[in-house]
Amino acid sequence: MSFEIIAKDLAGRVGKLYTKSGVIETPALFPVVDPRKQELPSAVIERYFGQIITNAYFVYRLTGGRAVDIKKVLSWNAVLMTDSGAYQILRYGSVEVDPDEILQFQARIGSDIGVILDLPFDYEEPYESALLKVEETIRRAKRASAMLDKLEDMLVVGPIQGGLYLDLLATSAREISKLGFHIFAVGSPTTLLEEYRFDLLLEVILHVKANILREAPLHLFGAGHPLVLPFAVALGVDLFDSASYILYARDDRIMLRDRTLRLEDVKTDYLPCSTKLCHKPVKELREMPHEERIQLIAEHNLAILREELLEIKQRIHEGTLWEYLEIKARAHPTLYRFLRSLGRYKRLIEEYDPETHPETHGLFFYQDTAESRPEPHRHWSRTANLYTPSKVAIVIRAGEKPYNKSWEYRYLKSLVGDRAHVLFYDPVFGLVPEEVAEIYPLSQNEAEGESEAARAFAYEWLNNYDVILLYRVDLPMLSKKVIPLRSLDDVLHYI
């Protein structure tokens, strides 16, 4: 197995996952197909996705443990992933199958990617019970690890459990990471997704990501809504699976990129989208037979999910994934709250986020979220130990970019030469020394508002100087000789 990373932004990756039946471009979603009843033909799913997931436990029960060609059963010729029945444990408490047997069964029926049978639990599980289930999952994972070479080239997923207990998540992630699985997965997020607790779910992902092998593919079970996908990808999730497309369709729920509509709530003659479904009059949709409507809405939902993943991939290539998160975060308060809190994980995000992209784009910063982004923190950490060539600082607020091409800077340098160190005051980065002004993205950005953290950094940095001359900048300091300049020519009075 090989996982090749093509492009990065934040902790998100565009990559290629090689399986025995083909290559998956990530981020990728596996639509769930029920082997007991296919409500949407495989040919329809294949128009939008080149991979599916089905429940090996259901197949096991249907055949009495007899191996069948699962791809032939489902009329599917591309990459196929199987789950082991863990979701049924979450819902009903147990399944009647041995963990080792169901893993071997997945290989025998021709699965390209299989999952060990872990013990999932929801986020309300008491700590003592959660600890026991994590320990049992690790024991099962160790047994599965010993079988990896005997599973007919099937890639195997190691789920990481822990609920909202961060110590259990970290322990589980570290232990599972040692066992040689091809893919890791975040377990038991379903309840959080159902309750729109996106902020808690994303925090779980961050803690898992911090404790697994850096380059390993990461799967998120049960996530299939366009709102959560870009955030999960930004934190390092590569693979998803979901039955949301068909579950929503059964209830006449129609996915859009930023929300979900119920058919009964649509007031316009047509839906506000551009898929095949959206060209049908709403009145006609309401009057058609329910089964026919399910198929149409399900196909529409698949199309919307595909659109979302394509947008995410393009954003990663551009290096504008954060800007996309800014847009999506306004769709739900928990997403907005999480985006603002990402500064707590700045070191982790900065570690994964590439400094440059093949095709750089100007970045957009907003006052309420700028402090959470990795770029300002990277600048502050790097300039903290930068040599200061003079004990006299001139701080100017220049409007033209790059800053060291502005007329103010060029005129100032003609007056003082190297007798003072020129710094540019930036509302996001704080102070930008003249010698690094053209480094991306210090001059390649647009900002709205001023970051308090940037101002705090400016005060800290200015402690390196004995005399501070300010031009069009308000930075009062009691402990320093701070002199506001009415014009640039006034600088000659002090140097």
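Going from the start of the chain as shown, residues are counted 1 onward.
For all residues, glycine too, the Cβ spot is worked out from N, Cα and C.
Taken straight from Swiss-Prot:
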- Asp83: active site, nucleophile (ACT_SITE)
- Asp118: substrate binding site (BINDING)
- Cys273, Cys278: Zn(2+) binding site (BINDING)
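Sequence-distant neighbours of Cys278 (Zn(2+) binding site) (same chain, six or more apart, CB under 8 Å from its CB) are Tyr270, Leu271, Pro272, His300, listed in sequence order. Here the recorded positions are Asp83, Asp118; the one with the fewest Cβ atoms within 10 Å of its Cβ is Asp83. When the Cα atoms are compared, the residue listed as 'substrate binding site' and the residue listed as 'active site, nucleophile' turn out to be 10 Å apart.
Taking Cβ-Cβ distances under 8 Å and a sequence gap of 6 or more within the same chain, the neighbours of Cys273 (Zn(2+) binding site) are Leu256, His300, Ile304. In the three-state DSSP scheme, the residue listed as 'active site, nucleophile' is classed as strand.
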